[in-house]
Protein chains: 2
Amino acid sequence: MRNTARWAATLALTATAVCGPLTGAALAAPATPDSLHAPSALVLAVAYGDDATLAAPARAVTLSCAPTASGSHPDARSACAELRGAQGDFDALRAREDVLCTKQYAPVVITVDGVWQGRRVSYERTFANECVKGSYGTSLFAF
Amino acid sequence: MRNTARWAATLALTATAVCGPLTGAALAAPATPDSLHAPSALVLAVAYGDDATLAAPARAVTLSCAPTASGSHPDARSACAELRGAQGDFDALRAREDVLCTKQYAPVVITVDGVWQGRRVSYERTFANECVKGSYGTSLFAF
């Protein structure tokens, strides 16, 4: 029994010695996925309709966020910052309160496909009209 | 009057000389979808495994082909040319005969998502190993 206890103590110490510094480093300076160059490459497309499978894309842009912000998106740097701020969750982008839109139904559908920080993305979101689309977030959907 | 006629003749000849070749060139090369700026924006990703839904992408690049070739693809110009040559049909890319590969099974899966000349693309293809992947086409899958 004492031997078991000694082993347990040794294991605990070893675990602390091995994992401790790693944990410390992770806490001190979290390795961001960007710095690890996890691939982040997206295509954002906009189509007029309420279903992406039925509406041909009117515009499409690329957006790379690692190692640096680039792509045919008109403001890649801001779009990447916005997406990082939302931790890659497109649904987390909320409507800005300073934009007033009519309730006219002229649907606009946004799709996002590709890879974000090493994970596959396939996202679709329909807005009631172009104004409502523009009221979500700041730069990501502005293309 | 004779001077005016001479000027008119000179102008007509100049117009023919300047516009003639342009018109000829335009007729010889019909407007391609690229020249109409139909959106073409793709994300190409590679993962190690035989199923893209199970394998996390190891690398991902963007490729825009309109209005000009760009993106994080290492050779966007050649990749766009190759894809145009295949008329956007990824399955049309054939294995080059000058490449010999072993039959080792270490599967590599390529995915292509986004928009090609205004149409949505969602493509997946698994190769038996990296060498086999490299033997298909020339530059499109070389990233």
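Cβ coordinates come from backbone N, Cα and C, glycine included.
Taken from TrEMBL, the feature disulfide bond covers B:Cys65-B:Cys80 (among others). B:Cys65 (disulfide bond) falls within neither a helix nor a strand when secondary structure is assigned with DSSP, and so counts as coil.
Its Cβ taken as reference, B:Cys101 (disulfide bond) is surrounded by 15 other Cβ atoms within 10 Å in the chains shown. Summarising the annotation, TrEMBL assigns disulfide bond to B:Cys101-B:Cys131 (among others).
The domain 'Subtilisin inhibitor' annotation in TrEMBL covers B:38-129. In the domain 'Subtilisin inhibitor' (B:38-129), the DSSP tally of helix, strand and coil residues is 13 helix, 36 strand, 43 coil.
Feature annotation from TrEMBL assigns signal peptide to B:1-28.
By the criterion of other Cβ atoms within 10 Å of the residue's own Cβ, the least surrounded of the disulfide-bonded residues B:Cys65, B:Cys80, B:Cys131 is B:Cys131. Recorded residues B:Cys131 (disulfide bond) and B:Cys80 (disulfide bond) have their alpha carbons 22 Å apart, per Cα-Cα distance. The DSSP secondary structure for B:Cys131 (disulfide bond) is helix. Averaged across the domain 'Subtilisin inhibitor' (B:38-129), pLDDT in this predicted model comes to 94.
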